[in-house]
Amino acid sequence: MNPVKVGLLGLGTVGGGTLNVLTRNADEIARRAGRGIQITHAAAKAYDPSKLSGLDKVEISDDAFAVVDNPEIEIIIELIGGYSPARELVLKAIENGKHVVTANKALIAMHGNEIFAAAQKHGVMVAFEAAVAGGIPIIKAVREGLAANRIEWIAGIINGTGNFILTEMRDKGREFSDVLKEAQALGYAEADPTFDVEGIDAAHKLTILGSIAFGIPLQFEKTYTEGITKIEPQDVEYANDFGYRIKHLGVTRMTDKGIEMRVHPTMIPHRRLIANVDGVMNAVLVNGDAVGPTLYYGAGAGSEPTASAVTADVVDVVRALTTDSENRVPHLAFQPGELVDLPILPIEEVESAYYLRMQVEDKPGVVARIATILADSQISIEAIHQKEPAEGDSTVPLVMITQTVVEKRLNDALAAIEQLESVSGQIMRIRIERLDG
Ligand code: HSE
């Protein structure tokens, strides 16, 4: 049988990795897929031929729309990234009856509902394993491997750049901006690195995980997003003193009131496996009612790890080319007519324990006044430490851990504490997740 012809859009970090993996492992991949897979056309504005193999069989142009319009091509791999023209290219490919494989989390989180509806109408597949947690096959695990379960919650380190920054700050005391530059040079960071450090990239990925876990439409705009830029070295140290690590976590959980969807710095007990996932590595904990907690770990970014997921999707598509479109694995895990519009909880409604750090005057009665405000709001303190003042400073950091409280109540109490004359500046807060299945 002739090889399946594939058009590749983008020859950057992931596009180049995909071409190299498909070239290097061509025989083994064909034995798995049941057919050869050949990238025959690629579109790229710029590329470095010295880093690419198999170019002799690829016709390269800078016109991505010509590739999606080429009638010989059956599968389009979209690795340009961003919202536009990726959206237009993917929709055009679908309209032309081509299957699509993409690593574009921003595109799926923002426009996935529209794209999947178009794919269903035209009877084609849109595969997006590489969009979440790079090389970890987490979409396949949740969508297929855990299909028996009611998923209770998912918590993941799903941005490699942010995890690399937090790890280097903690282990080597390095500066935030210096580590970020290294992540960019290694090809981990997004084109706009604020997507990494402000949690937008992780929120795109969490949006996708929440949908396939609970069978709800993609709703990126309802995902609470908070970055890591406000974390100070002292918080890393104090978290450690309390027995916690700070990680940038994406959490989605089914509760009686609705679904939590949130990305924020999170303190995790340091003995949890996921608290020890360092550097650019990602990890996703999934808790299912039947299976209990399961953990998936691996490289969340980078050229060939991401290419691994892209290529596996291409193999899946090739295997399913002859299946009736109604009998394929549904894009969002649940049959399209079975998606439900459950409410997504605003962050004020979410319950959590908190780490709090405030700068207070070092004199009698201050801690008592703060404790009274918390007690009046029915917020229990689990642990409290007053730290040493810096030399010549009359104020000291006061750090504490609260028991679980609804965020709205905590906000009111913290606003009252910030009004006290003996408290200076804003109170730092970090949510705590114990992640005990
Ligand atoms: N910028 C992303 C990260 C790339 O650092 O995880 C993978 O999606």
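Keep in mind that glycine also has a Cβ here, set from the backbone N, Cα and C atoms.
No curator has checked TrEMBL annotations; they are predicted automatically.
Listed in TrEMBL:
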ACT_SITE  Lys205  active site, proton donor
BINDING   Leu9, Gly10, Leu11, Gly12, Thr13, Val14, Gly15, Gly16  NADP(+) binding site
BINDING   Lys105  NADPH binding site
BINDING   Glu190  L-homoserine binding site
DOMAIN    355-437  domain 'ACT'
Close recorded positions near the residue listed as 'NADPH binding site', where close means Cα within 10 Å, chosen from Leu11, Thr13, Gly15, Glu190, Lys205: Lys205
Between 0 and 100, where does the mean pLDDT of the domain 'ACT' (355-437) sit? 95
For the domain 'ACT' (355-437), how many residues does DSSP put in helix, in strand and in coil? 24 helix, 33 strand, 26 coil
Which binding-site residues of Gly10, Leu11, Thr13, Gly15, Gly16, Glu190 contact ligand 1 in the sense of C-beta under 6 Å? Glu190
To the nearest whole angstrom, what is the C-alpha distance linking Gly16 (NADP(+) binding site) and the residue listed as 'active site, proton donor'? 22
Nonlocal residues around Gly12 (NADP(+) binding site), in sequence order (Cβ under 8 Å, 6 or more apart): Ala44, Tyr47, Leu79
Cα-to-Cα gap, Thr13 (NADP(+) binding site) vs the residue listed as 'L-homoserine binding site', nearest whole Å: 11
List every residue in the same chain as Val14 (NADP(+) binding site), at least 6 positions away in sequence, whose Cβ is under 8 Å from its Cβ. Leu79, Ala103, Ala130, Ser303, Thr306, Ala307, Val310
